[in-house]
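*Asks:* The following block contains the structure, expressed as structure tokens.
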Amino acid sequence: MTEMDRISISLPSKLLREFDEIIAERGYASRSEAIRDAIRDYIIKHKWIHSLEGERAGSISVIYNHHASDVMEKITEIQHNYTDIIVATLHLHLDHDHCLETILVRGDAKRIRELTDRLTALKGVKQVKLSVMVPGGQIPE
């Protein structure tokens, strides 16, 4: 049998309620099993992103609370350090509190990964989604 460690985490009530609804909907036997699956998915995504190499093109979508302490300024400051890979940006106001920033990128996968990691670590950022592809000339016929 696999050795298990017991941990304790703090979550916002609304987030836990939504997670519990998904647990019930998917028929999990326990909250712990659902959390293990979520952690496995997170690890797989992390490994995939960190295995990318070579020239890539894609987008980084960032949802953030624009009321959070200077998050917009920090996002802009970070972007200025990656002008070698940023092709364009699009800013969308989602509601009174939240914005979506989509950053189109093209360049070395390592630089794209660095930019994604820096944006993910910012306080006030709610979600970051990276979508990458190989440039057209590298797609097999």
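Backbone N, Cα and C define each Cβ position, glycine as well.
What you are looking at is a predicted structure, and each value in this text was computed from that prediction instead of being measured.
Pulled these from Swiss-Prot:
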BINDING   His80, His91, His93, Cys99  Ni(2+) binding site
*Asks:* Using a 10 Å radius around each Cβ and all protein chains in view, which of these binding-site residues has the most neighbours: His80, His91?
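*Replies:* Most Cβ neighbours within 10 Å: His91.
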*Asks:* Minimum Cβ neighbour count within 10 Å among the binding-site residues His93, Cys99: which residue?
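*Replies:* Across His93, Cys99, these binding-site residues, the one with fewest Cβ atoms within 10 Å is His93.
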